[in-house]
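Please read through the structure below; I'll follow up with questions.
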Amino acid sequence: MPPQRGKTPRKNKNGTGSQTEPVEVYCRIRPLDNPDDPVCLKAINTNTCILTPQENAIARNGQVKELQYQFQYVFDEYTSQKAVYDYVAMPLMEDLIKGKNGLLFTYGITSSGKTYTMTGTPDDQGLMPRCLDVLFNSISGLQAKKYVFKPDRMNGFEIQTDADAMMERQRREILPGLTTPKTPGRGRNHGEFGEHGRMSDPTRVEDIDEGNIYAVFVSYIEIYNNYVYDLLEELPHDPITGYKPPQSKILRTDSNDNMYVMNCVEVEIKSPQEAFEVLYKGQKRRKVAHTALNAESSRSHSIFNIRLVQAPLDANTDMIAQVQDQEKNICISQLSLVDLAGSERSHRTKNTGDRIKEAGNINQSLMVLRNCIELLRENQKTGLGKLVPYRDSKLTHLFKNYFDGDGKVRMVVCVNPKAIEYDETIHVMKFAEMTQEVLVTKSQQVKFDILETPVKRAPPVIEDYIPMMTYSLGPSFPSLEVLHCRDEYTLDQLSDYLDERNRLKENLMIDFSRKQDQFRAQLVKIEKEYNEMKAKSHDSQSVLEKRESYIQKLESRLRSLEKRQDETNRQYKECERERRELESKLQDKNMKIRQEKSEKDRLRSDFRNRLEHNNQQWEKNLQKERNKIENELEGQINEKQHKLNMLKHIVNTETDSDTPTARFRTPAPKTRTYTTPGKIMSARSETDMTSVGKNPVPTPRSRTQTATVSSARSMHGLNKVGTPKNTPQYNPRHRRSRSSNAEIWLDHRPPGSVELGTVLQPRLKKKKSVSKLEVKDTKEATKYILTHQDIDSAGELETKLIKGNMLPTAGGGTAVVFNDVETLKQISPGSRKRRSSCPQPTDYDGDWTDVEDRCGIAIEGHSRKRSRGTEKVSRV
Ligand code: ADP
Ligand code: MG
């Protein structure tokens, strides 16, 4: 195992061979505010809790069964803070001191007890103050002097000499602006964790390595709206509005691939009190920043980092062991305590404007956390290396190494068991259940392999140095004994010895003064060098300062660029989303168009088929109709032929027996009127019948026609029909005087005639209308017109105007020679013709009438004009 620098957890690059352990999830149920409130969550044993759906939830979701959830431990509402600490955080503290990393976070909806669990109250402290107490209890007497370990601004630490550390201490004391929290004095405000009334935790971690020295650093950050803020940084002061909104920080990767917040203030603390002062300062700043940002604390994630730096002591010098690469001699471990934002969904917050955005972002970062955990679990189950989207939020990005690398991860799920929170609680429980299936790499025991962990050495005793301090003063004093006052010999010897000593002393003095001069000269030289170096260092200091300010400028630019990048990313995502939406819309439309086209093709071919079918049908019908009409006509022609033959026969017979010209005669003086010859008259004939005799030659265009007596019947109340034998004599070539233009019509309309109201009416200049013929009426009239109405074979009213000339007879009466028949036919639109089976224009809502109508419609292009009937006049 290579030496560990600790820091934030190192990424486990190979991923194999290392042991894993699951994320440990604990559940803590808080007590109800009102004990009478109904609950939805209960702990049934130390590992299991049961979630009961509420009536309204049953109605909404149809969820009826109770759900059980198992956790590492379930703390019920009566569990003390101390018990929670012992179960959850104490092992993490032990790991921290052993150089292992840990992450502990509280998760749950707002007011579920996250902050209570993490921070607690002064008289019932939460996990964080207890951690600090236990840490300082454990390393007491083993702490390094302040500033011996110095943050290198790149997530690492440097070791300073004692002298440098002392200098730094003085510098920081001289320049209070740079001073981070001082040792609290009396009467200082420590916030709610002030020393008065605070119950510190006396627990300590046993089995601590006394061969190391330790230093504790804390930092306090907040993630709000996906921006990272340093809560220990001095807020920029605005002279007008007070504090300016804080500057957000950026995340960086250090040389060991660990994530850290760049330029984040890290404060070295020497006691829990100092830590609380820092915590209090951070919380105060958080409030100010929230006011400046118009934010709400429950919407932000707060992260309190404790970093423990340790280094082994040299067994001989009782100082930090000196090695070439000092960095390798330091072990850094970290415990991150995270109080997450409320996990409730944004609509619950009933926020508007900025708050909505903020709530959305919070939920988004929690959602990213959920996604990451889900993907991690999936990757671990399936072995697929899907990319975990840590970078989608600052929260997951900062802690990605905990999940990817090594470091213990623990989560306390805080639950408010109130029944009305059921809907949110079920989400929290699902997430918690999923989280504990994720495996993280087990932390390894840290070893210093540069030096064997040194045994703490007792300090050297001062007596050991005394022999080094003795000086040689020449030969030892001779052992002479003066026997009496005139013992010259002895005195001389003594005098010689003393002289010698004097000489030696003088020599020594000369040597001393020489050495003194040398030393002084050396000192002067050193001082000179020192001054030179000082000047140089001053220069380099200014260069450094310049560089520093340049770096700061670059950093601020980087920050703004990062912001822009974030914004661009957001816009890109938005555009991407819109593009996808548009694409899917386009696909839908294309599909619709294709469907419509195929439908049209289908309809067209259907229509074509139907049209063909109808055409065939029509043709068939027309053929049938034609055949029928032809047959009818043939029958009629035959009948007419037959009748004509009969007529011929009669005429021939009469010609044989009577005068050739006489046809009908009214016996004088009685005027006799002859009826029209029914069907014979209606037969279309333009044959001149006057020449019917022995040699009847049909004369086309001649409109003279005679009626046969044989077929004459009594009609419309006319007088008795005469027989050929009784026919009166008249002159068919009789011509009346036309001088007076006196063509007088006798318009005979038998009673019961139906009024036609047609456009085409016979034009009779002078006429006398009668309904019953009287003899006197026949006197002046020269022309006779009889209106005869009947129903034809198709059931239609057929009106015939039978016209004739009135000729005086030999007996003084009047004979009528019929010479013209006009047939008036009115055809009603619906009855006469069958409805067409031909497809009709859809916008035509009326009935089809007849061929003319249809043609009219066809020509005028769906004109709505329709004639309701037609009149026909056929002249026979
Ligand atoms: P959160 O941080 O989840 O929004 P808090 O920690 O602020 O919720 O808790 C809301 C309230 O509930 C606080 O007044 C807190 O004192 C109280 N509370 C939460 N958990 C407990 C508990 N286990 N015991 C006693 N009081 C609690
Ligand atoms: Mg809270």
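All positions are counted from 1 along the displayed chain.
Cβ atoms here come from the backbone N, Cα and C positions, even for glycine.
Okay, these came from TrEMBL:
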| type | residues | note |
| --- | --- | --- |
| BINDING | Gly108, Ile109, Thr110, Ser111, Ser112, Gly113, Lys114, Thr115 | ATP binding site |
| COMPBIAS | 189-203 | compositional bias 'Basic and acidic residues' |
| COMPBIAS | 701-713 | compositional bias 'Polar residues' |
| DOMAIN | 22-438 | domain 'Kinesin motor' |
| REGION | 1-22 | region 'Disordered' |
| REGION | 177-203 | region 'Disordered' |
| REGION | 581-604 | region 'Disordered' |
| REGION | 655-749 | region 'Disordered' |
| REGION | 828-849 | region 'Disordered' |
I want to check the contact list for Thr115 (ATP binding site): same chain, sequence separation of six or more, C-beta distance under 8 angstroms. What comes out?
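Within the chain, Thr115 (ATP binding site) has Cβ neighbours under 8 Å at Thr106, Gly126, Asp339.
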Averaged over the whole of the domain 'Kinesin motor' (22-438), what is the pLDDT?
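Reported value for the domain 'Kinesin motor' (22-438) is a mean pLDDT of 83.
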Listed binding-site residues: Gly108, Thr110, Ser111, Lys114, Thr115. Which have a CB under 6 angstroms from an atom of ligand 2?
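So the answer is Lys114, Thr115.
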Among Thr110, Ser111, Ser112, the binding-site residues in question, whose Cβ has the most other Cβ atoms within 10 Å in this structure?
Ser112
Return the residue, from the listed binding-site residues Gly108, Gly113, with the maximum count of other C-beta atoms within 10 angstroms of its C-beta.
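The largest 10 Å Cβ neighbour count belongs to Gly108.
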Could you tell me which of these binding-site residues, Ile109, Lys114, has the greatest number of Cβ atoms within 10 Å of its own Cβ?
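Comparing the binding-site residues Ile109, Lys114, the most crowded Cβ belongs to Lys114.
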So, by DSSP, how many helix, strand and coil residues make up the region 'Disordered' (581-604)?
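Here the numbers are 24 helix, 0 strand, 0 coil.
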